[in-house]
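Remarks on the structure that follows.
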Amino acid sequence: MEKIIVHGGNQLTGQVQIEGAKNAVLPILAASILGETGQTRLTNVPILSDVYTMNNVLRFLNMDVQFDEDSRSVDIDASGNVSGEAPFEYVSKMRASIVVMGPLLARLGRARVAMPGGCAIGTRPIDLHLKGFEALGAHVEQQDGNVIATADHLTGADIYLDFPSVGATENIMMAACLADGTTTLENVAREPEIVDLANILNKMGAKVFGAGTEMIRIEGVDHMHGVDHHVVQDRIEAGTFMVAAALTHGDVLVADAIPEHNKPLISKLREMGADVIVSEDGVRVIGPDRLKPADVKTLPYPGFPTDMQPQVSVLQLAAEGTSSLTETVFENRFMHLEELRRMNAKFQIEGQTVALFGPTQFSGAEVAATDLRAAAALVLAGLVADGYTQVTNLKYLDRGYYDFHGKLAALGAEVKRVEVPENDEVILKSSKIK
Ligand SMILES: CC(=O)N[C@H]1[C@@H](OP(=O)(O)OP(=O)(O)OC[C@H]2O[C@@H](n3ccc(=O)[nH]c3=O)[C@H](O)[C@@H]2O)O[C@H](CO)[C@@H](O)[C@@H]1O
Ligand SMILES: C=C(OP(=O)(O)O)C(=O)O
């Protein structure tokens, strides 16, 4: 078993480099299915377990995929006979593999994808994706745990999403690229990752207009081809390091972070007393001596991102006073708080809102990540905890953060990732981690 062990108390200072965005590269890898001729070359691809999983999904679909970790690039050839089936083995590993369904349906007129289950943060149905495919003329049915969508041809339609779902927006947008006529998609997700997806689709020959606004219009085309594309920076990884700087009273430049993509977080950091300096080089965060409490409510973009909620809860717990935190996107995203309770956090959950009672002097404990951002939040708490914090279940962290402990250590944190034989106790004798 692997653990991250943190000894709290160090201020973080220096510069950290951010990777390409997980939530951009996954649908973009799926989009490469639409390139019937030529090759797609993606750069700024993060080294994450989710990327390996999506690469394997594409390989299973009979595409040639080469990931060169040194240059952070993926070369994809989708010009062969692409198959239309993504089995449970892959989809169960990563829910985001459902976004292959739209491009498969567009290119082949059929897709059979294992139904993704829920996960620790919510039930996460895909009804909006499927309603969108049906509106485009597909027949959708469920059989033996699979979703099967078929269509002789897809026809453009006017579609209104009940909720601005990121995955549904991406899936329907990709399905509509090769449909006959025009599709309008209203109440869509407006995340920067949607814009990045629309950008590559347009380079591939699609006609997608309005990404980043509440309505996207897609004029169907006959053919799409492979292209080169540089993946947008990860605003959630950037935000996590901004929180780390504020929490440890540090001074960190998050290099190449895009400030426009993190407006709600930057605003909260300032409200809590941090100095946030935006420049051409990125976003520099200088933590205050004392953090002020602030209320946070998650919302679809451009609101406060749910993927920053667990990390910001640690900051709120450290602040001097009571803060409230409301989660509106997922129904069960407070699991990390029960682990933080073991580190001395005091809070009260009522429905979708939690009152967080600061200031907390976190105490080191052995804690287990329940999902990706929970893992990051627990490491963050360890940075300011008394003594040692040991975080397990790192498979979640590896889905979304490359070399998290290494980047923190380079900023001055006392943190190590270790391999521990099952049931073997790690004995820490000195204040320095050996
Ligand atoms: C790979 C990726 O990009 N993941 C992100 C994406 O996930 P994902 O695309 O799964 O998130 P959605 O925006 O679709 O989900 C938001 C909410 O809508 C609900 N819903 C969604 C689809 C549907 O058909 N029916 C339905 O009810 C979900 O259960 C959830 O409560 O956006 C989330 C919300 O910003 C982020 O937390 C995830 O990091
Ligand atoms: C919830 C997340 O991702 P996914 O949708 O891939 O589970 C996340 O990135 O925090």
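Note: Cβ is positioned from N, Cα and C throughout, glycine not excepted.
Just so it is clear, the model here is predicted, and its values are computed rather than measured.
As given in TrEMBL:
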ACT_SITE  C119  active site, proton donor
BINDING   R95, R124, P125, I126, D127, L128, D307, V329  UDP-N-acetyl-alpha-D-glucosamine binding site
DOMAIN    7-408  domain 'Enolpyruvate transferase'
MOD_RES   C119  2-(S-cysteinyl)pyruvic acid O-phosphothioketal
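A map of TrEMBL features onto the structure.
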| residue | record | Cβ within 10 Å |
| --- | --- | --- |
| R95 | UDP-N-acetyl-alpha-D-glucosamine binding site | 17 |
| C119 | active site, proton donor | 16 |
| R124 | UDP-N-acetyl-alpha-D-glucosamine binding site | 16 |
| P125 | UDP-N-acetyl-alpha-D-glucosamine binding site | 12 |
| I126 | UDP-N-acetyl-alpha-D-glucosamine binding site | 20 |
| D127 | UDP-N-acetyl-alpha-D-glucosamine binding site | 11 |
| L128 | UDP-N-acetyl-alpha-D-glucosamine binding site | 19 |
| D307 | UDP-N-acetyl-alpha-D-glucosamine binding site | 25 |
| V329 | UDP-N-acetyl-alpha-D-glucosamine binding site | 21 |
If the criterion is a C-beta within less than 6 angstroms of any ligand 2 atom, which of the binding-site residues R124, P125, I126, D127, D307 pass it? List them in sequence order.
D307
List which of the binding-site residues R95, I126, D127, L128, D307 have their Cα within 10 Å of the Cα of the residue listed as 'active site, proton donor', in sequence order.
R95
Going by DSSP, give the three-state secondary structure for D127 (UDP-N-acetyl-alpha-D-glucosamine binding site).
helix
Need one number: mean pLDDT over the domain 'Enolpyruvate transferase' (7-408).
97
